[in-house]
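Let me begin by presenting the structure, written as structure tokens, before commenting on it.
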Amino acid sequence: MEPWSSRWKTKRWLWDFTVTTLALTFLFQAREVRGAAPVDVLKALDFHNSPEGISKTTGFCTNRKNSKGSDTAYRVSKQAQLSAPTKQLFPGGTFPEDFSILFTVKPKKGIQSFLLSIYNEHGIQQIGVEVGRSPVFLFEDHTGKPAPEDYPLFRTVNIADGKWHRVAISVEKKTVTMIVDCKKKTTKPLDRSERAIVDTNGITVFGTRILDEEVFEGDIQQFLITGDPKAAYDYCEHYSPDCDSSAPKAAQAQEPQIDEYAPEDIIEYDYEYGEAEYKEAESVTEGPTVTEETIAQTEANIVDDFQEYNYGTMESYQTEAPRHVSGTNEPNPVEEIFTEEYLTGEDYDSQRKNSEDTLYENKEIDGRDSDLLVDGDLGEYDFYEYKEYEDKPTSPPNEEFGPGVPAETDITETSINGHGAYGEKGQKGEPAVVEPGMLVEGPPGPAGPAGIMGPPGLQGPTGPPGDPGDRGPPGRPGLPGADGLPGPPGTMLMLPFRYGGDGSKGPTISAQEAQAQAILQQARIALRGPPGPMGLTGRPGPVGGPGSSGAKGESGDPGPQGPRGVQGPPGPTGKPGKRGRPGADGGRGMPGEPGAKGDRGFDGLPGLPGDKGHRGERGPQGPPGPPGDDGMRGEDGEIGPRGLPGEAGPRGLLGPRGTPGAPGQPGMAGVDGPPGPKGNMGPQGEPGPPGQQGNPGPQGLPGPQGPIGPPGEKGPQGKPGLAGLPGADGPPGHPGKEGQSGEKGALGPPGPQGPIGYPGPRGVKGADGVRGLKGSKGEKGEDGFPGFKGDMGLKGDRGEVGQIGPRGEDGPEGPKGRAGPTGDPGPSGQAGEKGKLGVPGLPGYPGRQGPKGSTGFPGFPGANGEKGARGVAGKPGPRGQRGPTGPRGSRGARGPTGKPGPKGTSGGDGPPGPPGERGPQGPQGPVGFPGPKGPPGPPGKDGLPGHPGQRGETGFQGKTGPPGPGGVVGPQGPTGETGPIGERGHPGPPGPPGEQGLPGAAGKEGAKGDPGPQGISGKDGPAGLRGFPGERGLPGAQGAPGLKGGEGPQGPPGPVGSPGERGSAGTAGPIGLPGRPGPQGPPGPAGEKGAPGEKGPQGPAGRDGVQGPVGLPGPAGPAGSPGEDGDKGEIGEPGQKGSKGDKGENGPPGPPGLQGPVGAPGIAGGDGEPGPRGQQGMFGQKGDEGARGFPGPPGPIGLQGLPGPPGEKGENGDVGPMGPPGPPGPRGPQGPNGADGPQGPPGSVGSVGGVGEKGEPGEAGNPGPPGEAGVGGPKGERGEKGEAGPPGAAGPPGAKGPPGDDGPKGNPGPVGFPGDPGPPGEPGPAGQDGVGGDKGEDGDPGQPGPPGPSGEAGPPGPPGKRGPPGAAGAEGRQGEKGAKGEAGAEGPPGKTGPVGPQGPAGKPGPEGLRGIPGPVGEQGLPGAAGQDGPPGPMGPPGLPGLKGDPGSKGEKGHPGLIGLIGPPGEQGEKGDRGLPGTQGSPGAKGDGGIPGPAGPLGPPGPPGLPGPQGPKGNKGSTGPAGQKGDSGLPGPPGSPGPPGEVIQPLPILSSKKTRRHTEGMQADADDNILDYSDGMEEIFGSLNSLKQDIEHMKFPMGTQTNPARTCKDLQLSHPDFPDGEYWIDPNQGCSGDSFKVYCNFTSGGETCIYPDKKSEGVRISSWPKEKPGSWFSEFKRGKLLSYLDVEGNSINMVQMTFLKLLTASARQNFTYHCHQSAAWYDVSSGSYDKALRFLGSNDEEMSYDNNPFIKTLYDGCASRKGYEKTVIEINTPKIDQVPIVDVMINDFGDQNQKFGFEVGPVCFLG
């Protein structure tokens, strides 16, 4: 055969020739390619010599034209093991790049296995053809392409249907086409390299893959590989024609006499494979007679297929499988099921276990010991070969296979089959160019989300009995047989494949070695040699330890069914048979009566967009739209006509003071006036002579904190101090970074004997061993399953009526009766005392979205918009209406100096002057007497509900109620008496297959078999001790499949199952019919702002509007003129402070005082010791309905509701607001002269009149409204301090403002003396509005008033941001203890005071960064002895004295003063890096560094500090005193204060322009600005990290690193999460102790944990050695029930406690399987005496007689007849009762009694 590459060489040579040469060469080329003989695989593998496992059979045609007989084919059985070197098939050494694979095959029905596998020299599979229900073409070239997930899978093809199929596969360029039976053609993409190379240096295996257990079984007639990709299209014409055509010379290529194709035979065929047929992609073109075989499969076959074809695991076994099989054009249901189960990597077994339709009765299947599970090589098969053929993201293999991968299989690290690790995902490819024949449909998308569960339908009538099911799945394989006798030693074979990694790790097994061992195993089996010579004697192994006793083996397999015996006489009446499986679903019942109206459903999803409607009619005139944005300024219009004169403006401000006029003539001497007010303080006099030495003054208040002094020089080394007490353990530091790998340590001593390793992967089947000796007789097996139900006896005679039985015990307490009529209201109780302020509750869950709130206050005006572009000049507008009153005019210009006025008359007595300035605060007054008794407080809150009262006496018997609804079908009645023997009936039909019988007697010993081939000698194992005799015998050979049984009788209806877990989401159903219109939906969200409507007509005048809210403060007014200097007051003499009097004797006790106001909260006490645990309280009655809580924050916006029905016509609305003025109408005609109009507005200002005579002084006007605040005037001269004014009355408390932003924390102020509480003034009546007076000038700001009366302590506010720590204050002297004053109202912030005394110890904060150690100060000189000072700081601890007697516990002392700082200790070890510390004091300015790069834009800085108070202005002139007005309402907010000083922005936060300016300022102002850039990025990074952490705390994700508290929390945070497994951490500490649970969101967010493997339950048994009435944990095989998380780990006790604290109720199911044993109610005795008893987690026994929260969902064991079960549910609000940890069984011990049970999960609902 010529090399395949010659075809390409020839093609390159063709370009240089003419058209004639081109045509000739093409014909030659065709002869050359087509003439190359196909590779006959069957011939190369020696099929015609019928090797082991291969036999000849009838082929595709039983009678072929022009042939003597039928086609010849070969039957391949499981014993066939055929392989050959690939070069034997391709002697030229090259595999064609484009090729066809042609085969005619009839696989065994339902099989899925590889027909051919080609491996390279490294053992990697390059080509594989897998046939079965969904054929797969595996291809991997030398570059590893395509990836396993891209292997072509032909889902629409089923070859394993038990029929002959002619299959042709064409591989050309990057597509692969499969043609089945010459009709069905499917094309898939094949993403391989441009020059894909297939290595021929390996081996080719037929019928399987290396290390694969699935083996091809079936018939094959032909298997060819040819280098022509077009040959696949002519397979049915030239290679395997129909039966009515004669076979070509090479049709049955397996015959030995046909060696090769004659070129002349092949060249005659005209290859008409048109482009049209080849270009179709994924389309399936087939004739009308071809049907999809898969559609006809029944459901049972589908299930069968699943069991046989367990590739991996099923993700949604019980939910995705459709329950019907149809022949319509739906997607093929079988294909869908298979795709799901075949492709996903989830754990098949765990899903099957949770399913209600279990395929296996055996409950003990799980991921650890089930034979169904994939083992190591199968897991590798899934991951390496198939993974997922859908476009789903694939999870890492260790997640996909879970426990299915053995412990020693590390898929992610060790390469599989010699592969390297997968590379990173490549970049996105170029856009595809769709060529003809290249378009491939993608796989169907994943199923849509589950729809909302519909309401349950009415129960249909019982359906007809179902058809008998197919044969059940095959049983689990038997235990492995006993080891054969050791074979003779073989030859030694050294493999140089083991090579170690680095020096620190033992030898690893390489992929090459594993592959080589497999290839050698194949070669060894295929080329079995003669027995080798005797091997070397191995060294004796160490003596093994005694093995543990083996577990008792399971019962043996049932023996073959014996011949049917003669029918005996009818036996006694049999026990009722086991409940049959549920029949098939009945036909659809008649529609039931309409049910009651259901609750309102959730808002549906938004509907599909409807068709575009017709254009609507023009709607009515809309209301005027909102004002539009400011347009661009238009050009100046034409000047309009002069407007009408406006109304007179308000009175202007006072003009500036005129210049003094000329002096008038002296007037008459006036009458002496009354003495004037006291003048202002005179100027400071000269200092007097020094006075005598005064008495020492009282101790002054501590001064303010001085600045930090410069560091002193280092002092001498002090003596080492005494060792301090050991500090409390600090919080754990953050985990450090991972250190570098250390050097390899020295070889340690040999470790102890390790545990027995996990079983290795399943080996290749060994050769048959020599038959062993006959074993000893086994022990008696366990009871077999009960026999079949006997034939039904004749009906007995009716028994006599029995006597009336004794009166039964009192039944259980009935359900709570309906509520009686409401009683008369009781007498009103006395008013309770006012309760204390409660502790704020935990934050509630966010409520549902509240109704739309009322309109908020008007917002602040927005910022000015950008200037618009210049508009077009407008037309001159119409003459406008008369404008409103103009604003108050600005202050007029200064007028001319007036003429000297005439002489004035003598003035009258002036009014009394205004009160003087407020004096300083007086000294603190004495403590007042107790006030009078206050009025009785409001009634207190209702008390807690009392304990439930004792049970009341039995009430009178009620009237007979109406007949109740039909009861449940009662249990089966007692067995009747045996009837007489009937006549012998006709032989019945064959019964259903019997349940497992007792093992048959041992057969005779067979003849000794031929000795098997010599095996390879195993390694010498250690000599084990003699094992105990095994119980289970060798498994029998697999029997032939039995015939399908006849139809079984209909079983009784099955019990109600316990509620199953929620299935996964089904596919979205079709859109249903439109429902009846629902109620009107809630108002939708506000729509987007509509476009402004057209201008409507002018509306009628609206009603008077409600008075608007107080407006915003106006801008600052213009500056006032400077006032004249006021008179100075006299200096008052301060009185001397009296000395403290002697302490008086104790007076007689006074009468008890009235209850004082609530005191200020005291200092936080230390943590108390936890008290003893209280007993579980009684279950209280339901409390009264609580007060409505505060509205929660708005919930998320719901889905768009469906449009509601049109509402009824509304009533006439109020008259709308006045519309905007309409456009000017046309000019009307000249009207007649009108009548005299009303008085016109005042005319314009007249000319200035002459100066009139001075009028008489007018009476004082009413006080005018407060004027606007003026701008601060220039600083006046400092006036003398006035006398102290009387304290003002306390103002009414203002309304509580909204909480402001956290300001920067100020320095702590000094501790002031407690002020006297001001008496609360009674609110005066609201006065009438006064007449507006002239604007008054600003008064000086008053001194802060004394503190107001104490308000009640409010709830604790939100925690403020942490401020910087204050500097340590100087020690103050100990003051005298004053009486406790009442808490004052919140005063203005005080000045900075000294640091207060030490508070109680706070909780340990986060560990800060270690600060820079300060320099040690010098030791000062001793000062002179002063007066006795306050107690000094605590000295160093003395030497420990003798231990005294324990004294009584004293009262808690006052906090002590801060001790002196001790000398510095020795430098400790370097600590872990702490959190960032507080900012240190600024250091000296360093040298200027190089300007750094611009940092990121920081957040906006804090608001600036308030500016300094402006200088006091000059005193204004005294105005006339007005009459005192009534107290007015609180005024509007004051005008804005002066702007604060701008703190220099940080360079890192400012723009470039500002930063350059700042740097220039830095150059000018030397040391003003610190370098803040260091550490800012770290701070912002920390803030961002904190923000993310807080987000995760608020909305946890349920992952291991971000767990939720409970599943309920997770549902509230993410209501769209599906049911499944999530991580929770109930105690919310470090997430390291979180654990994984199952969250059942369908049931409201339940948190479910499961019992462990040994606590799940026990199989039904008679338990002969156990006593009734004992706990299961006391049984020989019993134990306390324990529970695990989903990962199989035990749950921390603390976590369990927290989970219960967060739970409101919990539930758990318990299923009791019985045979003649009662579980709850006993029908025979009519009592609950034999009811099960459960032991709760709180050691409380629970049963029927003491726990009302236990009920039975189904009680089949009550009749004590036959096999039944009882399902018990514990649903309790007493969380400590579950999960149950033990169960007491009372009804067993008789010979026929048996029981078993299953324990369900416990689910907590928060």
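In case you wondered, yes, glycine gets a Cβ from its N, Cα and C as well.
What Swiss-Prot says about this protein:
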| type | residues | note |
| --- | --- | --- |
| DISULFID | CYS61-CYS243 | disulfide bond |
| DOMAIN | 71-243 | domain 'Laminin G-like' |
| DISULFID | CYS182-CYS236 | disulfide bond |
| DOMAIN | 442-490 | domain 'Collagen-like 1' |
| DOMAIN | 532-586 | domain 'Collagen-like 2' |
| DOMAIN | 583-641 | domain 'Collagen-like 3' |
| DOMAIN | 616-674 | domain 'Collagen-like 4' |
| DOMAIN | 643-699 | domain 'Collagen-like 5' |
| COMPBIAS | 807-816 | compositional bias 'Basic and acidic residues' |
| DOMAIN | 1393-1450 | domain 'Collagen-like 6' |
| DOMAIN | 1429-1487 | domain 'Collagen-like 7' |
| DOMAIN | 1483-1541 | domain 'Collagen-like 8' |
| DOMAIN | 1577-1805 | domain 'Fibrillar collagen NC1' |
| DISULFID | CYS1607-CYS1639 | disulfide bond |
| BINDING | ASP1625, ASN1627, GLN1628, CYS1630, ASP1633 | Ca(2+) binding site |
| CARBOHYD | ASN1640 | N-linked glycosylation site |
| DISULFID | CYS1648-CYS1803 | disulfide bond |
| DISULFID | CYS1714-CYS1757 | disulfide bond |
Grab the pLDDT values for the domain 'Collagen-like 1' (442-490) and give me their mean, rounded.
63
Could you find out if DSSP has CYS1803 (disulfide bond) as helix, strand or coil?
strand
Using the structure shown, find which entry in CYS236, CYS1607, CYS1630, CYS1757 (the recorded positions) has the sparsest Cβ neighbourhood within 10 Å.
CYS1630
Could you say which of the binding-site residues ASP1625, ASP1633 has its Cβ with the most other Cβ atoms inside 10 Å?
ASP1625
What disulfide-bonded residues among CYS236, CYS243, CYS1648, CYS1803 are found with a C-alpha within 10 angstroms of that of CYS1639 (disulfide bond)?
CYS1648, CYS1803
For the Ca(2+) site built from ASP1625, ASN1627, GLN1628, CYS1630, ASP1633, further residues of that chain with CB within 8 A of the site's CB center:
PRO1603, PRO1626, GLY1629, SER1631, GLY1632, SER1634, GLN1695
Would you mind reading off the Cα separation of CYS1803 (disulfide bond) from ASN1640 (N-linked glycosylation site), to the nearest angstrom?
8
Of all the disulfide-bonded residues given, CYS1639, CYS1648, which has the fewest Cβ neighbours within 10 Å once its own Cβ is left out?
CYS1648
Given the recorded positions CYS61, ASN1640, CYS1648, CYS1714, CYS1757, state which is nearest to GLN1628 (Ca(2+) binding site) when distance is taken between Cα atoms.
CYS1648
When you put CYS1607 (disulfide bond) at the centre and draw a 10 Å sphere around its Cα, which of the recorded positions CYS61, CYS236, ASN1640, CYS1648 have their Cα inside it?
ASN1640, CYS1648
Closest to CYS1630 (Ca(2+) binding site): which of the recorded positions CYS61, ASN1640, CYS1648, CYS1757, going by Cα position?
CYS1648
Rounded to the nearest Å - Cα separation of ASP1625 (Ca(2+) binding site) and CYS1648 (disulfide bond):
14
Fewest other Cβ atoms within 10 Å: which of the disulfide-bonded residues CYS61, CYS243, CYS1803 wins that one? Let me know.
CYS243
Could you tell me which three-state DSSP class CYS1648 (disulfide bond) falls into?
strand
Given the disulfide-bonded residues CYS182, CYS1714, which one has the fewest other C-beta atoms within 10 angstroms of its C-beta?
CYS182
Just counting, how many other CB atoms are there within 10 A of the CB of GLN1628 (Ca(2+) binding site)?
16
Counting Cβ neighbours within 10 Å across all chains shown, tell me which of the recorded positions ASN1627, ASN1640 comes out on top.
ASN1640
Of the recorded positions listed as CYS61, CYS243, ASP1633, ASN1640, CYS1757, the one whose CA lies nearest the CA of CYS1648 (disulfide bond):
ASN1640
If I take the alpha carbons of CYS1757 (disulfide bond) and CYS236 (disulfide bond), what is the distance between them in whole Å?
66
Cα-Cα separation of CYS236 (disulfide bond) and CYS243 (disulfide bond), in Å?
10
Can you tell which of the recorded positions CYS61, CYS243, ASN1640 lies nearest to ASP1633 (Ca(2+) binding site) in space, using Cα positions?
ASN1640
C-alpha spacing of the residue listed as 'N-linked glycosylation site' relative to CYS1714 (disulfide bond), in angstrom:
30
Quick check: in three-state DSSP terms, what is CYS1607 (disulfide bond)?
helix
Take the C-alpha atoms of CYS61 (disulfide bond) and CYS182 (disulfide bond) and report the distance between them in angstrom, rounded.
16
